[in-house]
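Worksheet: the structure to be examined is printed underneath.
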Amino acid sequence: MAYSQGGGKKKVCYYYDGDIGNYYYGQGHPMKPHRIRMTHNLLLNYGLYRKMEIYRPHKATAEEMTKYHSDEYIKFLRSIRPDNMSEYSKQMQRFNVGEDCPVFDGLFEFCQLSTGGSVAGAVKLNRQQTDMAVNWAGGLHHAKKSEASGFCYVNDIVLAILELLKYHQRVLYIDIDIHHGDGVEEAFYTTDRVMTVSFHKYGEYFPGTGDLRDIGAGKGKYYAVNFPMRDGIDDESYGQIFKPIISKVMEMYQPSAVVLQCGADSLSGDRLGCFNLTVKGHAKCVEVAKTFNLPLLMLGGGGYTIRNVARCWTYETAVALDCEIPNELPYNDYFEYFGPDFKLHISPSNMTNQNTPEYMEKIKQRLFENLRMLPHAPGVQMQAIPEDAVHEDSGDEDGEDPDKRISIRASDKRIACDEEFSDSEDEGEGGRRNVADHKKGAKKARIEEDKKETEDKKTDVKEEDKSKDNSGEKTDPKGAKSEQLSNP
């Protein structure tokens, strides 16, 4: 059994595919998968690879993705390419693809790799073959059942949680991205088997959801926790509320597995963000999550000043490994990005922290009141365990011929010019609209339409589990809390 007892060093599995950095959202788009490659290269040069098991993720199949997403949406993602977009204009509108979420070469393969790492990490945790699994290419928390959103197409987090639910009665999801984790909250809004806890900027900011009063519905009432924050939050303010809230959640909910989305756009100086956290302040959340000694899946997310994303996720990998690394950056393939200081840690800016101690205390107390409404954590039900998404011999071992990798075949047309990897502020106006009402009307209409189309598919996880147990069939978690809810 892999689980470490107490505060000892944990076994860590890390998922990375060398092709991930070649995918390119387009000129001026703030989302740059290249940041994953920068992170990987930096942690290699720190020598962290010696302390963990590194796996190349399998490419998640369409069948795996439709455990949550609609068949027609995944079929669309498989089919659309830059050279056939004109044939899909109606579907592009329906599935919200084309602006914030552009069509680019290898889009579906990018989704397969991002999802493959998260699902494989969940399987590894389920098998008790690791204490922690890390997939920095995952954490794409805005994707909906039948809609792309906020640079996210396939919700790898929801799919990984569905995998964890095969073995774990209760899963806790924590989101420290600056943007509300709306796609994950929406997927599990009506079940008590997943608690979602999101700390995010709220008010005239994408995606416009995550109000303090959004607490879940039906069986899921009080199982959605939202901490709305204002501009400029710093390490001290964040630390004063994060640990108490997560400790109270652990006490009241008693999950047996945790998923932590480590979006790095909550760092100071992020191109799209407005918080003032340092890498150390951000990583404190990883330290807190680790202290509970539960199976932990760590995922990426947002982060648009890419030199700082690489710093952050490298340091958080070291924190996962209980490994101290020097502030002086080692020479690496992207060394020039980290000038002029060439240090691992960043300083906060002098921006005003609009989160007063009174405001933070008031929100914390309101959330504590909600958490006190939770019933005592339900006991574990005995039930047949469904088949794992990744078989022992399929995704984890590197059995593919490296000469047949996608990068050899097609990376030339996916590699961006050097200046596209810069962090300059004048890079273009592309990207996420940080306004709450951006296309809200159209979105609501689409969600209502999807609601009608998928009504028959929607059932509660537990009811489905019971019926499957009675019939002796394999449990299919599709439809687990997949209610499409309009933005508040």
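Just so you know, glycine gets a Cβ as well, placed from its N, Cα and C.
The model shown is predicted, which means the values in this text are computed figures rather than measured ones.
Copied from Swiss-Prot, the annotated features are:
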- GLY28, LYS32, ARG271: 1D-myo-inositol 1,4,5,6-tetrakisphosphate binding site (BINDING)
- LYS75: SUMO2 cross-link (CROSSLNK)
- ASP175, ASP177, HIS179, SER198, PHE199: Ca(2+) 1 binding site (BINDING)
- 389-488: region 'Disordered' (REGION)
- SER394: phosphoserine (MOD_RES)
- SER407: phosphoserine (MOD_RES)
- 418-428: compositional bias 'Acidic residues' (COMPBIAS)
- SER422: phosphoserine (MOD_RES)
- SER424: phosphoserine (MOD_RES)
- LYS439: SUMO2 cross-link (CROSSLNK)
- LYS452: SUMO2 cross-link (CROSSLNK)
- LYS458: SUMO2 cross-link (CROSSLNK)
- LYS462: SUMO2 cross-link (CROSSLNK)
- LYS478: SUMO2 cross-link (CROSSLNK)
- LYS481: SUMO2 cross-link (CROSSLNK)
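ASP175 (Ca(2+) 1 binding site) falls within a strand when secondary structure is assigned with DSSP. One residue stands out among the binding-site residues LYS32, ASP175 for having the most other Cβ atoms within 10 Å of its Cβ: ASP175. Cβ neighbour count for HIS179 (Ca(2+) 1 binding site): 29 (other Cβ atoms within 10 Å of its Cβ, all protein chains included). Of LYS75, ASP175, ASP177, all annotated as recorded positions, the residue with the shortest Cα distance to ARG271 (1D-myo-inositol 1,4,5,6-tetrakisphosphate binding site) is ASP177. Cβ atoms within 8 Å of the centroid of the Cβ atoms of ASP175, ASP177, HIS179, SER198, PHE199 (the Ca(2+) 1 site) belong to the same-chain residues HIS141, ILE176, ILE178, HIS180, GLY181, HIS200, GLY210, GLN261, GLY263, SER266, GLY301, site residues excluded. Reduced to three states, the DSSP call for LYS75 (SUMO2 cross-link) is helix. Cβ neighbour counts within 10 Å, taken over all protein chains shown, single out PHE199 as the most crowded of the binding-site residues PHE199, ARG271. Under a cutoff of 8 A between CB atoms, and with a sequence separation of 6+ in the same chain, the neighbours of ASP177 (Ca(2+) 1 binding site) are GLY139, HIS141, HIS200, GLN261, CYS262, GLY263, ASP265, SER266, GLY301, GLY302. The recorded positions shown are GLY28, LYS32, LYS75; of these, the one with its CA atom nearest the CA of ASP175 (Ca(2+) 1 binding site) is LYS32. Most buried of the recorded positions GLY28, LYS75, SER198, judged by other Cβ atoms within 10 Å, is SER198. Of all the recorded positions in the list LYS75, HIS179, SER198, PHE199, the shortest Cα-Cα distance to GLY28 (1D-myo-inositol 1,4,5,6-tetrakisphosphate binding site) is found for HIS179. DSSP assigns PHE199 (Ca(2+) 1 binding site) to a strand in the three-state reduction.
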